[in-house]
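Asker: Let me give you the structure first, and then I'll get to my questions.
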Amino acid sequence: MSSKLTRSNKAGWLFAMPGFSLLFLFIIVPFFFAFYLSLTNQRLVSPNEAQFVGLENYRNLLSVAVVTLEPETDDAGQIVRDEDGEIEYPRVRTITRSDEFPQYRGMGEWFRWHWGDTAKVVIASDVLFMKALVNTLTFALFIVPLQGGGALLLALLINQKLRGINVFRTVYFMPVVISIVVISLLWRFIYSGNDGLLNNILEVLTLGAFTPIDWLGRTDTALGSIIAMSAWQGMGFHMVIWLAGLQAISPTLYEAAAIEGASKWQTFRYVTWPGLRNTAVLVLIVITMQSFAVFAQVDVMTNGGPLDSTQTLVFQTVERGYGKQDISGGATISVILFLMVLTISAVQGFLTRERK
Amino acid sequence: MASVTSDNRGLRLATRYAVLVLVGFVFLFPLVFMVVSSLKPDQQLLADTSSIRAFLPVGDISLDNYVKAFERAPIGRFMMNSVFVTVVTVGASILLCSLAAFSFVFLEWKGRNILLTVIVATLIIPFETIAVPLLLFVSKLPWIGLDGLEIGWLNTYRVQIIPWMVDALTIFLFVQFFKDLPRELIEAARVEGASWLLIYRKIVMPLSGPVIATAAILKSLTMYNNQYLWPLIVVQDEAHRPVMVGLGYFFQLQIAWGEVMAYLTLISVPVIAFYLVLQRAFISSIASTGVKG
C-alpha cells in the first residue's frame, strides 16, 4: 500500500488540520467539557468560582426511593376514611421533611399505588427529571413502530411498478424538507381545541358523533399528539431508507418465490423481510436516536405542559442550562442522555455483528 | 370471460391509485391548508376549518396577511440572516470536509488512522448533548475583529456559522466517495510532479459533483430548517436572528393565525421549490445517510 508517491506527513496534516481542529474545538471539547461540568456547580453567569461537587448533580437527579404510608388511624385504632370512603394517609411531607429520614430530605412524590391498606409512594429527588426521562422513553417506544412501520408500508406502496409512482414518492417525502418548527406550529393549529382542523375532520368522518378534544391541552393526549405528528413528519425519510433496502433485494429471489407458488404474505415473510434485516436495524436506531433528541416540537407546541406531561430530556437540558443558567444541571442531563445514546449504539453494533 | 378479467384488472389498478392518492392526502393536507389559509382573513380562516373550504382558496382572498406579517416582524432581515448563515456554512463545510477527506484517503501520514477513528467516533454525539457546554464555551471565546480583541461570541453570525462548519457525517460522505475514485489517476499526476493542492483542485474536486451535491443539500437543510435550539440560546438580538427563531414574534396573546400561516408559507416555499426542482438529488442524499451505520 505505502508508496513514496503518497507519503507526506506535512501535506497530510496541512490538509486535515483546518477541518479537524474545528471539529475538535466545537464537538470534542464541549463533549468532554460536559462530563467535567456535570461534576461542578458551574452557572452561566456567576460572580463565584465554580466548585467541584463530585457526583452530587447525579444524586440530585437520579435518587429514587419507595416509602410505605400506613393509613391514618383514630384513637380507637380505626382507619380514617374521607367522605368518599377513601383511606386517608399522612402527607408524604411528614417523611421527606422529617429528621428521622435524612436520606429522603428534599424528595417529592412521583407516583403512588395502593397495596392492601397501605400506600406505596415512589419519591424522587427530581420528579421533573423523572417525568422527562419517562416521557422521552415513551416517545421512543411508540414512535419506533409507528414511524418505522408506517415508513415500511409507504416503501412497499411506492415500490410498485405503476405509471406516475414518482409523483407519490415526491409527495410522501415532502414533510421531510420542511422545518420541524414550521410543522409543529402548523399542527398546533390543526390540533387546537375549538376550530381545530383535526377535530372538524373527525366530526365530519364520524357524522358528528365525535366530541372535540383539546389535543395538546390534556395530559392524556398531549404527548401522543406530538408523537403522531413527529411520526408523520419523518415517515418519508425512513421510507427512502426502506426503499433502498427493498431495491437491494435480488429479483431472482422473487422469481424463485413466484415459481414455488408463494403467496404475497409468504413472499414478504420469507424473501422481503429477511433481506431487510440490516435496514430494519438502521431505521430502528436512527428513529430511537432522533426521539432522544426531541426538543423543537415540545418547545413550539406545549412548552412541556400540560402539567409536565410533555417534558423531555433535551427540553430539560435547555430549560436548566439556558433558562435557569444552571449549566452544571443541564450538562448532567446531557451526559445521561449521551449514555443512553451510547447504549443504543452498542445495541446496534451487537445486532449487526451477529449477522456476519 | 376476457372482458371480466380486464375489468378486474382495471378495478385493481383503480384501487391501487385510490390508496396512493388517499395516503398522499394525509401527507399533503397540512401543507395545502397552510398555503391556502395564508390568503384568508382570520375570521374566515377559522370558519372554513369546518368544511372542505379549508383546503380551497375561496372567499375573501388577498395578500393582506403577508403585508401585515412584514409589518409585525423584520422578516426580510430574518431571511437574509438565515440565507447568509446557510450559504457561508455550506461553502466552508464543503471546502474543509473535502480537504480533510482528501488527506485521509489519498495521503499517508503519521496519525492519520487515529484522527479518522476519532472523527468517526464523534458521529454518535448528538448536538443536543453538547449544546449546554458549548453555550458556556462560546460565551467565553475570544475573537479578534475590526474593533480589536473581544470576548464572547454570543449574538453574532460567527456563533451560528463556525461551530457548524465541520461535521463527521460530511467528512465521512467525502471519504466514502473518494475511496471509489481511481487511485492511479492521482499517482500518475504525482509522477508528473503535480502538487497535492493541484490534484485536489484539478482532478479530485471536478469529479466530485455528486457528493458535493449530497453534502450541500444535507447541510443546507440542517442550517436553514433545523437551526432552532442553537440560535435560540446564543442569539438574543434581532439583527442576527434566523427565520425559525423569528417565529416568536407571532405569539402575542391573540395569535393572528393568518399572519402565522403567511410567515410559515414564506419561509417554507423556497425549500419546497428547491426540493421539487432537485427531488432526485434530495432523495438520494437522504438515502446516502443510510450508509452511515
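Positions of Cβ are set from backbone N, Cα and C atoms, glycine also.
Annotations in TrEMBL come from automatic prediction, not curation.
Quantities reported herein were computed from a predicted structural model and do not represent experimental measurements.
Per TrEMBL, the features are:
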TRANSMEM  A:12-37  transmembrane segment
DOMAIN    A:133-348  domain 'ABC transmembrane type-1'
TRANSMEM  A:137-158  transmembrane segment
TRANSMEM  A:170-190  transmembrane segment
TRANSMEM  A:280-298  transmembrane segment
TRANSMEM  A:327-351  transmembrane segment
Asker: Where else in the chain does the transmembrane segment (A:170-190) make close Cβ contacts, counting only residues six or more beyond its ends and a cut-off under 8 Å?
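Answerer: Distal contacts: 154, 158, 196-198, 216, 225, 229-230, 232-237, 239-240, 296-297, 300-301.
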Asker: Going through A:12-37, A:280-298, A:327-351 one by one, which has the most CB pairs that fall under 8 Å from the transmembrane segment (A:137-158)?
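Answerer: Selected stretch: A:280-298, with the most Cβ pairs under 8 Å.
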Asker: Hey, which bits of the same chain come close to the transmembrane segment (A:280-298), Cβ under 8 Å, at least six residues off its ends?
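Answerer: Answer is 136, 139-140, 143-144, 147-148, 151-152, 180-181, 184, 226, 229-230, 234, 238, 241-242, 245, 304, 310-315, 318, 337, 340-341, 344-345, 347-348, 351-352.
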Asker: Below 8 angstroms Cβ to Cβ, which residues of this chain, lying six or more residues outside the transmembrane segment (A:12-37), approach it?
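Answerer: For the transmembrane segment (A:12-37), the sequence-distant neighbours (Cβ-Cβ under 8 Å, at least 6 residues beyond its ends) are 327-328, 331-332, 334-335, 338.
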